[in-house]
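Pulled from TrEMBL, these are the features on record:
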- A:Ser28, A:Gly29, A:Gly30, A:Ala31, A:Asp32, A:Ser33: ATP binding site (BINDING)
- A:360-435: domain 'Lysidine-tRNA(Ile) synthetase C-terminal' (DOMAIN)
Protein chains: 2
Amino acid sequence: MLTQSAFEKQLQNLIRLSDNPTYLLAVSGGADSIVLAYLFSELRNAEIKFQIAHINYKLRGEDSDSDQKVVEDFCKKNDIKFHLYEVSENDKQPENSIQLWARELRYRFFREIQAKENLDFLVTAHHLNDQLETFIINLSKASGINGLSGIPANENNILRPLLNFSKDEIYQFAKENNIVFREDLSNKKNDYLRNKIRNEIVPKLSETNGQFLENFKKSISHLNQTKNFVHKQIEIIEKDLSVFNKEHKILSKEKLAQESDFVQFEILKKYGFKRTEEIQKIFSAENGSSFFSEDYHLTVDREGLILKLKNLSQEIDPEIILLENFDSHQDQIMIDLKSYIDENQSFNWVFDTDKLHFPLYLRKQKNGDEFYPSGFSGKKKVSKFFRDEKLSALAKEKIWVLCDTEDQILGIVPLRQDRRFEAEVNTQKTTTVQWTEEQPIL
Amino acid sequence: MLTQSAFEKQLQNLIRLSDNPTYLLAVSGGADSIVLAYLFSELRNAEIKFQIAHINYKLRGEDSDSDQKVVEDFCKKNDIKFHLYEVSENDKQPENSIQLWARELRYRFFREIQAKENLDFLVTAHHLNDQLETFIINLSKASGINGLSGIPANENNILRPLLNFSKDEIYQFAKENNIVFREDLSNKKNDYLRNKIRNEIVPKLSETNGQFLENFKKSISHLNQTKNFVHKQIEIIEKDLSVFNKEHKILSKEKLAQESDFVQFEILKKYGFKRTEEIQKIFSAENGSSFFSEDYHLTVDREGLILKLKNLSQEIDPEIILLENFDSHQDQIMIDLKSYIDENQSFNWVFDTDKLHFPLYLRKQKNGDEFYPSGFSGKKKVSKFFRDEKLSALAKEKIWVLCDTEDQILGIVPLRQDRRFEAEVNTQKTTTVQWTEEQPIL
């Protein structure tokens, strides 16, 4: 049950209260975060220093303003310093992925206040139901133990002291203490997947077993311990097969080759090499071959696998990535770009296989590239498309053009599919190209 | 997609076909197992030897007989040796846990045929949907990575070559090949939890993401690799802190004490010591102290923790197990006996806290014990209750009596609660005593 003392115990488990840390609470005005603020305000006899930050996204007119008022009133009443960020016309809002955009905006604002006010920890009101929703989302995205071992309760100076309490427990606490909060309307609208899980799946799970959430909490705790053990063991193994040569790290190729696929993957993943095919290539490559991840340059050498942090000024990016070949007679072809490129935006494009020429590949944009953006009529220069999407130079560099073997442009990854090749209702053979990400903590 | 060649590839991944192994297929008559039989019969040009076993539980009258007929006809038509077990009056059927009883009956029958006919592997038709259902059930029962890393595809000479194919794929295959099967009615009736998950939760999960099952398969595969890595590492660590003294194993207490809780738990678990409290006691106990698990006798000694396989003739079982104490003013008290005893039957009893005297404890049955079995009027001798439940001597030995501190009998674990102490609708403060198990593979 959530009580003031149960909460304090949780907080004590996360940090050393005797250090007198200072906090910035992220408060939306919903039950979860208002209860969090209340719990902190009741801690104050212990001379605890905390402030509150609220973002008004202006997405829901009066509703947004009422949310702000609830938080502002709470701060006034309890004499807590209140920080407000009002989203304005200048904060460009992207067409897709409002959630990610809002998240970036939010954390930037919080970090600024923390720096200015010298506040050690950002505190958020994530709870056990958030934990379960994220778990299911990650399960639907093929996550391994890292994605399935839970939102961390203390990471990167962000604390989540309500993670072990369910939404019901938080509402119960709010009721018992006559706490005024706002129904969190934004949650009900913006995130289709999370809301489907929240409103349709979690209630069914709870029906199977009255202790579902309690038991899920234990499962997560066990998986988290397992994850920590795996990370520690991988570190020990890596240390055993590493030498340092001047500033570079060298992994013994012979020793690494003797380890299981799992260990190879877990070690090379740390340096950004995550694709099974690429890892296989590394082991079969001749001496002198180079491989590049986002941050590292790996050279296969007689001495071993030499890992250098990439010097950004002389970065050599691959210009073409050839995708796995497929027999176009199959009914369903599935290509997940996750095995090829880093991205942070999910998409799922379905093509008419008969219109494609395999193998497909990814390349960088070229002058004169044109395509037929899905959802619009007519064709468009890719460079014009970039301008209209208001992409930064950096964002532009991360864009890939998906082509078939006849250099027909099938889509601009991850932004827009080409409508000429889209599958239709009666299409017989389809090719799905997708990128699925692990769910970030929103 | 499930095709004959995709199936053969799976089978090849599991075993060495070149050894010409022989198989016993468990076939109920439902789509899954009939498709399995069909796939094997199409393998036969390769001179493969397999036979089919069917159990008629006689639980659904004509329906049960029609199931049997479909399997029998299939065997006749394809010239496959058919083994039948018809459940008779002599096979006592327990009141609760029909599923576990049926499972035991089934596997005993299969093992007998395998021995008689000299068949290497038992083959079952478990598929990807079974995998997902079991995963969710285990999640609801607080399982760790062992319960969440999937039904094994090859374990104890049981093969499950359809595990990577979904129910839809199997039905599609049956349709395309005009395979005659029976709707598996038993599934629709007997297992409330599994059916709720199958009919209400899995469809919702699939709606969130068309690739849900495919991605779940990848998650399970990753968790399985993680589990194997953890087991291997734990073995290495254990080896490093073990010595053998004559026939006994001795674990270095000093070295084990320096390992994390996770490692201590994973090592001691192998010898049946699974309760956190017990493990803590082992480390704080004086030299000469003894602890007993189902199979082992652990002695704390100057040399270390001495582990001896228990000699059954001089088995010393604890007679009393004291449960954690609780403040009876709490609204909700939760005691999970899983931390105290081994069981194989789940239950969940809710008591009126005001009628109990803490701490509670478990003890063995004594002469003259009487209680008021829930669901019946009047009281009953515990010995009479045992007779009426037709418990074997062995089963009787595993029974615990749950008492409070005034020796009032609260229930016979795991069979029956005492009705005098049951919570009612308007009970304010409740004490839940439960035992939750990981889901066996049915």
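Every residue, even glycine, has its Cβ placed from backbone N, Cα and C.
Residue environment of A:Asp32 (ATP binding site) contains 25 other Cβ atoms, counted within 10 Å of its Cβ in all protein chains. Residue counts for the domain 'Lysidine-tRNA(Ile) synthetase C-terminal' (A:360-435) under DSSP, helix first, then strand, then coil, are 15 helix, 27 strand, 34 coil. Taking the mean position of the Cβ atoms of A:Ser28, A:Gly29, A:Gly30, A:Ala31, A:Asp32, A:Ser33 as the ATP site, the remaining residues of that chain whose Cβ falls within 8 Å of it are A:Val27, A:Ile34, A:Val35, A:Leu36, A:Ala125, A:Phe181, A:Arg182, A:Asp184. For the binding-site residues A:Gly29, A:Gly30, the largest tally of other C-beta atoms within 10 A is found at A:Gly29. Non-local contacts of A:Ser33 (ATP binding site) by the CB criterion (under 8 A, 6+ apart in sequence, same chain) comprise A:Leu25, A:Ala26, A:Val27, A:Thr124, A:Ala125. In the three-state DSSP classification, A:Gly29 (ATP binding site) falls within coil. The Cβ of A:Ala31 (ATP binding site) lies under 8 Å from the Cβ of A:Lys167, A:Ile170, A:Tyr171, A:Ala174, A:Ile179, A:Phe181, A:Glu183, A:Asp184, each of these being in the same chain and 6 or more residues away along the sequence. Over the domain 'Lysidine-tRNA(Ile) synthetase C-terminal' (A:360-435), the average per-residue pLDDT in this prediction is 87.
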